[in-house]
Amino acid sequence: KSSKREWKPLEDHSCTDVPWLLLFILFCVGMGFICGFSIATGAAARLLSGYDSYGNICGQKNVKVEGIINSGLDLTHKKYVFFLDPCNIDLVHQRIKSLALCVSACPRKELKTLADIQKFAETNGSTLCSYELQPSEYTTDPRAAKLCPKYPVPESAPIPFFHRCAPVNISCYAKFAEALITFVSDSSVLHRLISGVMTSKEIIMGLCLLSLVLSMILMVIIRYISRVLVWILTILVILGSLGGTGVLWWLYAKQQMSASAVETQIAKDNLQALLIYAISATVFTVILFLIMLIMRKRVALTIALFHVAGKVFIHLPLLVFQPFWTFFVLILFWTYWITVLLFLGTTGTPVPNEEGFVEFRMAGPLKYMWWYHVVGLIWISEFILACQQMTVAGAVVTYYFTREKRNLPFTPILASVNRLVCYHLGTVAKGSFIITLVKIPRMILMYIHTQLKGKENACARCMLKACICCLWCLEKCLTYLNQNAYTATAINSTNFCTSAKDAFVILVENALRVAAINTVGDFMLFLGKVLIVCSTGLAGIMLLNYQRDYTIWVLPLIIVCLFAFLVAHCFLSIYEMVVDVLFLCFAIDTKYNDGSPGREFYMDKVLMEFVENSRKSMREAGRGGGAEGRELKPM
């Protein structure tokens with residue numbers, strides 16, 4: 001045997017990788033210290049209440065900053081931050097290049113002249129010019145050209161909870177959006193895209209909800225008709241890809257034939273988008289057919305695994321909701337992380353800049369808290385995802401190695417969470433830290449590649465891309481090995497390194513099976529994602545087609561399809577996890593048990609049939625059996 005230690009599923013539980021758990025707790029304490037430090041230095045007040053260009057926090061009395069005029073003012077009645085030129089955005093330093101003031105009210109209507117600004121100040125008591133100018137001087141003092149807002153002053157409204165006056169018209173930020181969307185050279189195109197999204201927002205929300213419903217329906221179908229699921233998916237994907245491609249070409253031909261001599265720019269953009277979609281769908285359909293033709297002989301193996309996985313979901317229905325809990329926890333952590341990041345952006349001591357205004361900067365070792373905070377984002381996010389993997393692995397292992405399914409715990413998911421919290425948090429922390437060690441260099445190289453874009457020579461660019469690709473491949477391999485290590489830990493309660501070694505030995509011994517199951521199984525789950533995206537996209541095409549004369553629906557359709565793929569991926573990734581855990585359990589079961597008295601199999605009857613068929617086909621292959629026997633040989 002390649003591994004001397006015997007596998008003893010679920011016989012005992014012990015704490016694993018305790019030093020790594022202590023290290024992770026210390027790291028989280030450091031994250032808490034950063035949050036507490038930023039709040040204690042006044043960053044929270046500056047973030048929530050806002051501050052002007054002189055270092056005054058709006059809505060309170062302030063302390064004088066040496067060397068800065070207009071600092072230390074009593075702004076108790078001026079609770080909102082107002083930017084004199086809110087549309088002047090500095091894309092390099094990610095800030096608004098404008099003088100900021102504290103005002104008592106935001107202008108709720110457009111102010112076109114200095115006289116309008118003066119009238120607004122006299123009527124509402126809100127002075128929109130700098131503090132040294134009185135409202136009576138707005139139209140007479142020559143300094144008003146620099147100390148008053150750029151007019152026309154756009155209509156604005158306060159941002160909830162953050163007390164900033166923001167322009168109501170989003171076209172104010174067209175320059176910022178154009179910089180993000182580099183392929184847009186004409187600002188009118190960007191404006192039409194944005195208006196298309198705003199006009200179709202109800203349809204977009206409805207289609208996103210449709211993708212969620214379709215994903216849930218697909219999970220139900222997997223539970224109850226797993227034997228025919230593969231063939232149903234195959235036929236539906238064939239029909240869906242053919243139907244979607246045909247509909248796109250039909251719409252393109254129809255609009256081209258009905259095109260009038262005088263066309264609007266929106267109609268021309270929609271016609272061009274239809275042609276691009278139709279060509280892309282045709283190429284995708286051809287490639288999909290070729291892949292399905294090559295892999296058609298290995299469908300039977302996937303059916304058996306899907307059937308057992310379907311039984312797992314019948315006995316463990318809470319697995320379906322696992323993505324919701326993980327996503328909810330991630331959203332909570334990301335919200336906390338972004339909040340602290342904003343705190344860090346306003347923390348530090350006030351210092352005058354070259355323009356004579358106040359900036360808050362950190363000096364000494366404290367300025368490296370940014371890096372610590374970024375590492376925390378990666379490590380804790382990976383830790384949360386690893387907790388999901390360990391929870392799913394523990395529940396599926398409990399199901400597989402319980403001979404009498406009626407003796408399963410009332411809620412195996414909660415039992416798995418309990419074992420994770422009591423015994424295996426250190427293992428999860430160590431596994432997620434290893435992924436973090438690979439992610440950080442890859443992200444640094446990607447940042448360097450972005451910054452040097454167009455400046456480096458071809459050799460350096462090729463080497464950077466090669467390094468990024470290698471690190472990405474290493475990350476994927478380690479993620480797969482980590483998942484199997486968590487399964488081994490759930491079975492034997494061994495530490496991370498021992499579990500990873502044992503799982504690696506099992507996977508190497510079953511390399512052909514791993515290749516077949518991962519290839520076919522992942523492909524069939526990919527077909528499920530394609531089905532959901534195609535169904536949602538087809539519904540979107542039919543609904544948005546009614547608005548083609550006055551709405552560009554390129555961007556809404558892309559948003560809907562991306563959301564549909566994300567939702568389908570979240571749900572079907574759980575199914576993929578279950579299949580991988582079942583396979584490792586099956587490999588361990590066949591290695592250490594043979595069905596004889598005292599060494600009975602734990603596996604399901606369907607997998608037992610495959611074991612018997614495998615033995616029979618191997619005997620036939622040994623006698624010179626046909627192609628069918630060789631095809632079943634890996635099982």
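Cβ coordinates are placed from backbone N, Cα and C, and glycine is handled just like the others.
TrEMBL entries are annotated by machine, without manual review.
Positions annotated as transmembrane segment by TrEMBL: 20-45, 203-222, 228-253, 274-294, 300-320, 327-348, 368-401, 523-544, 550-572.
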Could you name the stretch, out of 274-294, 300-320, 327-348, with the greatest number of CB pairs under 8 A to the transmembrane segment (20-45)?
327-348
Ranking 274-294, 300-320, 327-348, 523-544 by the number of C-beta pairs under 8 Å to the transmembrane segment (228-253), which range is first?
523-544
Quick check: do the transmembrane segment (368-401) and the transmembrane segment (327-348) share at least 3 Cβ pairs under 8 Å, counting only pairs 6+ apart in sequence?
yes
Same-chain residues near the transmembrane segment (327-348), Cβ under 8 Å, at least 6 residues beyond its ends:
31, 34-35, 37-39, 41-44, 46-47, 51, 360-363, 366, 369-370, 373, 376-377, 380-381, 384-385, 570
